[in-house]
Amino acid sequence: MVNLTTIIGILAAYFVALFAIAVYVERKYEQGKNLTNNAIIYTLSLAIYATAWTFYGNVGLAATTSYAFLGIYIGPTLAMLFGWPVIRKLVKIKNEYGVASISGFLSTRYDRSYGVGVIATLIALIGITPYFSLQFKAIFQSFSFMVGGGAGFDSGFIRLIMLGMIIIFTIAFGFRKLEQTERHPGMVMVVAIQSVIKLVAFLAVGVFVTFFLFNGPFDILAQVQANPELLEAVNAGKPEYSLFLSYIIISMFAILLLPRQFHLAVVENSDERHIRTAAWALPAYLFLITAFVFPIAIAGILKGYDIALADIFILLVSAMAENTWLTMLVFLGGISAAFSMIMVSTVAITTMVANNVLVPVIEKISILGFLRKWLLQLRWLIAVLILSLGYVFEILTGESYILVKIGIISFVAVLQFAPAVIGGLYWERGNRIGAIVGLIGGFAVWGYTSLMPAFIRSGWMPESLLLEGPFGVGFLRPENLFGVTTIDPLSMSIIFTVLVNVGLYVLVSLATKQSEDEQRIAYNIVNIIRGGKKAFLPIIAQKEYIELEAKRKIIVAVFGKYLSEEEAQKEANECIRKAKVEGKKVISINALIDLENSVENILAGFIGSPAARDVLEKESLFSPEEAAQLSNIYTQMASDIKITPEEFAQKIAEQKMLAESKNNFMAIASHEMRTPLTVIRGNAELMLQDTENKPENADTIKSLTAIQRNSVRLIDIIHDFIDVMQLEGNTITVEKETFDLVQLTKEIVADLSPVAAKKKLFLKLEEPQASIPMIIADSEKTRQVVVNIIGNAIHYTEKGGVTILISTTKEANGDFVQLSITDTGAGIAPESRATLFQKFSTVQKTFLHTKEYGSGLGLYIAKTFTEAMGGSIRLEKSIVNEGSTFTILLPVAPMEAEGKSEGK
């Protein structure tokens, strides 16, 4: 065992190191560099799924129930391999609607319903908070093992110290800001590091057991076969197939629907592309962390340890190495598994309680209005209460049956979210009443068939309820409901909860009607991948006459209820930017609709979707006259085409279907065209390699070069058409990330230099005069825009070359990084400049040697992409026969802009 002082010192050093790393990551984030914007970090954060229950409990399950534990990992593996599009869709919804939790998504999808949010929050509180106690138990039990529980060990004092450390860490990095859609890079990095530590610890013990304690896996197998009692015990513990299948089913949904998993997979996601990596990398992690479970479990049994100690076999076996550092590594692995789960779960559930319970109460009771300015501190208080509740529950339950089974019970609890979540994502008819009734029904059955039996077996309720049923009615026995005795109690509970939940959700949704607003939200969310939102806005253009500054003052006042004046101004500017009306003095009705949607979605990140909707109903951006005009517009549209409102709605639905059919056809056609063109291009390049440097093949080389060049052009044109199709269908996604435009431009210059050299042109990037701040934009779309402009400059230049200059500039709507691209080419005629950025606009340059023209879409796409990222692109100057200068402006990352202004 380890000296108490030593272990406290090591543990303190461990947490100080984690704290320092988290502080460093947070500071880099504030400087505009997100160190967690990485697919591997994202994957490791999702590995929080492997909690202390799995770190220690896996071995215990393997020792007592054979292969049953594998189901808990097969489920997530299947979910990630085949269900990653669900996560991608949820991330899009989060970005669009300011979703900050799973209850936030449900309340947003179902008509911004307070009821749905409150019920989801209660399910999480009742079903998940007791799960904390299992993590606390793992921490305290492993600590007691390490110090031997001997003289000088005050378990109560140590428990309080550990609880205090968790509270401090959780508040410091989980609640540094009020907006919970704001990412927590420090916390995510700590979770990722702890995932590495627990994996390394498990693998280290596994290798020691397999190759040092025994002589490899075959030696372990031989010893098992030579021990009839062990074989008999292993076979006796084999689970029923129904139980194994149940483990797979509940864990498939738990990997996303557990509040901590939803928070890390959806809320903290910074790039949708990371999801594709996690789809295979997380299953690989889960495979590695289970690879040595059986050897460790068998080693514990073969070495004579009591099966009752199976949950700490990994500690007991590691101690056999007589290497304190190995045992300490295992100890830190277990602490890491428990700590990360408690921290992130607290952040997720606190957000749910604050947005769905606390804020609505404050908004409904006017006397509590002063608390709006204290929402962040109130979140701290809620976090402390939740952690304390889990701590107290662990003390009260001790070694009771419920604590042993609470992990599985919690998994079944979050399974109740599945019908409303999956139905909300893919079924437009699913409505608020159906979701409420389904959640209540499924949760009630869960409480009766899962939670109550655990209470009874813990001695907290009469055993007669389990054996005879309530009032002696046998077919109501909680573990054999309606006389079902052919399957295990867990499987029975899952079947009945899902049947009741899904049945009520579907039947009630079909039997009740949605409001127009709920229909709109349902359509937008179900069709978010195809960009459904625009279908509900008036198509006709509106005269710009509404003063933007007046609306801006209202927005500042709305945010000012919860934030400081400076923060409210900042959020108002962000709303205006997202609505794409920055720099304007007057806007149209259509733009005002976009502006109010932006305000609602950003505000939802602070106080939740239902409260945000209520606030904007009281503080609407629309004056009575503007609201009346909007109503008149719709009425006039229906009148002009002489149809009833019902026929009008039907026509819109038909147009949606036609648009979707067109988009699907274009997507399929483009794919079918690209495939053979790619093959042609590849074959041409291979044949060119075979025939180059052979004079007798000059004509062949010329033909192959033409084939290769034109196939590339055709592929590029197809890509342009796909981009335009997505832009017009509003299905293109802009991922905001912070990055270095100078570094990106250097990479592009390096890529295009051979193209310029082939034409004997120079291509140079001037060294910036001053330090260039990071920008916030979509790096891939920025690359596409810059490549397009530089590529055009090279293409239309015959002598001289292209010069690129990067600088900073201050515009009316903020700080920007300016990228200027100047060529010595043919220039653009004055009559062509007005339509330069329009679709299918090509600048005819008959005096150039080349007669190859593009699709006329490149500059249109570049302009649309740049504006979608909050920037702009323009033709700065152009002189025929002398050259042109294009300027691209992209916004400086917020923290960079603040630092810059502070330094003046």
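Each Cβ is built from the backbone N, Cα and C atoms, and glycine gets one as well.
TrEMBL: automatically predicted annotations, no manual curation.
Sequence annotations record features per position, and here TrEMBL assigns domain 'Histidine kinase' to 668-894. Taken from TrEMBL, the feature transmembrane segment applies to 6-25, 37-56, 114-136, 156-175, 187-214, 241-258, 279-305, 325-358, 378-396, 402-426, 433-456, 490-511 (among others).
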What parts of the chain pack near the transmembrane segment (6-25), using Cβ distances under 8 Å and only residues at least 6 beyond its ends?
35-36, 143, 146-147, 165, 169, 172-173, 185-187, 189-190, 193-194, 328, 331-332, 335
Under 8 angstroms, Cβ to Cβ: which one of 37-56, 187-214, 433-456 has the largest number of such pairs with the transmembrane segment (325-358)?
187-214
Is it true that the transmembrane segment (378-396) and the transmembrane segment (490-511) have 3 or more Cβ pairs under 8 Å, skipping pairs fewer than 6 apart in sequence?
no
Quick check: do the transmembrane segment (433-456) and the transmembrane segment (156-175) share at least 3 Cβ pairs under 8 Å, counting only pairs 6+ apart in sequence?
no
So are the transmembrane segment (402-426) and the transmembrane segment (114-136) touching or not, going by 3+ C-beta pairs under 8 A with a sequence gap of 6 or more?
yes
Can you name the far-off residues of the same chain, 6+ from the ends of the transmembrane segment (114-136), with a Cβ under 8 Å from a Cβ of it?
51-53, 102-104, 106-107, 159, 162-163, 258-259, 337-339, 341-342, 345-346, 348-349, 352-353, 355-357, 360, 386-387, 389-391, 393-394, 397, 402-403, 406-407, 409-410, 413-414, 416-417, 420, 432, 435-436, 439-440, 443, 446-447, 608-610
Could you check whether the transmembrane segment (37-56) packs against the transmembrane segment (187-214) - three or more CB pairs closer than 8 Å, residues at least 6 apart in sequence?
yes
Residue list, the transmembrane segment (187-214) vs rest of chain: Cβ under 8 Å, 6 or more residues beyond ends.
18, 21-22, 25, 35-36, 40-41, 44-45, 47-48, 50, 55, 169, 173-174, 220, 223, 264, 268, 285, 288-289, 291-292, 295-296, 299, 314, 317-318, 320-321, 326, 329-330, 332-334, 336-337, 339-340, 343-344, 347
